Amino acid sequence: MGGWLVMGWITVIFFTLLTRTKSENQTCKVIGRTGFMEFSKEGDLMIGGVFSMTSTRKLSLLVTWQCCGCRWNDRELRFARTMIFTVREINRDATLLPGVSLGYRVYNGCGSENLILAAVEAVNGEDSRGCTINRMLSSHLSTCACLSDKRQYPTFFRTVPSDRFQIAGLVQLMKYFDWRWVGIIYSPRLYSEEGTADFVKYAKKEGICVEYRLPYSLTSTKKFHIITAMLRESSSKVILMFMPFYYAKSFLAKIEAYNITGKQWVGSESWITQADLASVGTKHILHGAMGFALPQASIPGLGDFLLSLKPSDEPQSDIIKAFWEKFFDCSFSPSNTSTLCTGTEDLRTVSSDYTDVAFFREENNVYKAVYLVAYALHALLKCENGSNPTTGKPYSPDCLICPPEFWPNEKRDRCLPKPTEYLSYKEIMGALLTGFGLTGVFLSLLISIIFLTHKETPIVRANNSELSFLLLLSLKLCFLCSLTFIGRPSEWSCMLRHTAFGITFVLCISCVLGKTIVVLMAFRATLPGSNVMKWFGPAQQRLSVLTFTLIQVVICILWLTINPPFPRMNMKYYKEKIILECALGSAVGFWAVLGYIGLLAVLCFILAFLARKLPDSFNEAKLITFSMLIFCAVWIAFIPAYVSSPGKFTVAVEIFAILASSFGLLVCIFVPKCYIIIFRPEQNSKKHLMGKIPPRTLYK
């Protein structure tokens, strides 16, 4: 039926599907050479995996790589056990492969030199009569971009992005920090050589120059001396170290004796997350090192499974016994030099790559790779039974996670840009708010014309015509500034909308505050012997409005200078779309602008409230009190609505507050006067106004 191979950067997981042939009704077997297979469990379908749990050592210049088992790789053992854990989890799932059990055979690749031999042995075997085996490679750590070539590797899939994405990210990282002059140290292998060549190509397009490219060899002392000399003499301060983990470990172990400091190291994902590289000798070298890593993942139950391992779980495995002896410094054979292993020791007391279960990165890719095969088999069996598969999600060849601003299409084989959303003039809500804003401008202009044509009448003159015209101007600006909140946010519109709002509203409230003080002063002036109006005449009124407004201007200038508002793509509220909005920049600046407006409004309300019982001809105080009551109520309700509204509705709430408070001032202060001017002209006379003023003798 088919075979499945999951191949890692050093690790190879081989998945081979074993079924019964229809003609001979016999079980297809994969027979491996003795010494490779380490763990196995029979099942209806078998999955094979190859991991380099041990590696080789070169004994001499004449003897090529030998001594399999001279070195032990804790991480690879953890990957192998992750595969076993995943198979067991799938077998417990009643909905995935129902009625079919998965088995596994895990092989020791014994280093990258023997990795392919183990994989070939796992696939071909010696007894495959009656079996048709098709192979599919599926990798959890192979990041080489070359493997994406479907002409050469038509059946290769992986659950980790190719290096092309990592390289693009590294180039953008250096561009972001303006690192334009860099050096590269790489290992002379396909992974590093192709990655380095791609980096140089992409870097050149972004204006990043490479001073040198030097290969690091595990055995060549001459090449290492060339590298150390270049590190000392070169002018570039940023070094990209593109190499596998074990190369990086060897390089750092050697370089720590050379006291090379003052360099910014940038690492490839294969070693940048390995905390054990930062030893006492190398931490001064790696201080501040940066790079990209595979995302962390939570796999419930995996940590406990790894730490519960006992030699009795795999009694036929010599590797488990060897690891056990290494972990606990004991021996299963009686010896005078070491403690006898009991097999009941607790792995939780050991500190190693195997027992580090705080985070899972590469293990998640093994986990997904096994599930990929299980879903594929599930779909295959459904198709054989004449029903449609119920595959899981389809996997892309590179299993690419779309960037935050992109979204997968329905087939999940491409990343498409997410739609953007903002409060537009073209949508109903934006059009309505625009209409209300323009209506406010029109009404303010109409009232200004009415007041201008009747500026010599008593009701206009009695209510301080200069401040009235200035207040009407500021209200026009308030209505207009609401329009800056509608439309696609840009750098200038974000800065304009908040500062224009803050300044125009302070100008507006300053005029109202000035009118309130004029009412109080005018009332005090009716008392015998009072000359208070000379202390708050037209000059003082203008100065007070200017002073109050300038304070807000200073606050806005500080806000724009220190941390101004800026356009931002908000992807927090919705996964399927991007909200374009204006970030506040400095939240302190925003709330300082609002707070100052609120302070003036409260002061104006208090003064107007105190003057509410003045004689009827001075009913300006009552109108101001009511308008300030509406103003304060609107902005008090605005705060919780602003904080809790998502996306473009935040902007709509702010516009609504601006329009509501502006209409409140316009209607409460000016509409009653316009009513008298137009519909009750007989009341717009000096005699009528003077008739309601009590005689001075009343206060004697």
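Numbering starts at 1 and runs along the chain as it is shown here.
Each Cβ is built from the backbone N, Cα and C atoms, and glycine gets one as well.
Note: TrEMBL annotation is automatic and uncurated.
Source: prediction; values computed, not measured.
Per TrEMBL, these features apply:
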SIGNAL    1-23  signal peptide
TRANSMEM  428-453  transmembrane segment
DOMAIN    429-693  domain 'G-protein coupled receptors family 3 profile'
TRANSMEM  465-487  transmembrane segment
TRANSMEM  499-523  transmembrane segment
TRANSMEM  543-562  transmembrane segment
TRANSMEM  590-611  transmembrane segment
TRANSMEM  623-643  transmembrane segment
TRANSMEM  655-678  transmembrane segment
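Ranked by number of Cβ pairs under 8 Å to the transmembrane segment (499-523), the listed stretches 428-453, 543-562, 590-611, 623-643, 655-678 are led by 590-611. Ranked by number of Cβ pairs under 8 Å to the transmembrane segment (590-611), the listed stretches 543-562, 623-643, 655-678 are led by 623-643. Same-chain residues lying 6+ beyond the ends of the transmembrane segment (543-562) with a Cβ under 8 Å from its Cβ atoms: 467, 470, 495, 498-499, 502-503, 506-507, 509-511, 513-514, 517, 585-586, 589-590, 592-593, 596-597, 600.
Under 8 Å from some Cβ of the transmembrane segment (623-643) lie the Cβ atoms of residues 509, 512, 515-516, 519, 594, 597-598, 601-602, 604-605, 608-609, 611-612, 650, 653-654, 657, 660-661, 664-665, 667-669, 672, all in the same chain and six or more residues away from its ends. Confidence annotation: the domain 'G-protein coupled receptors family 3 profile' (429-693) carries a mean pLDDT of 83 in the model.
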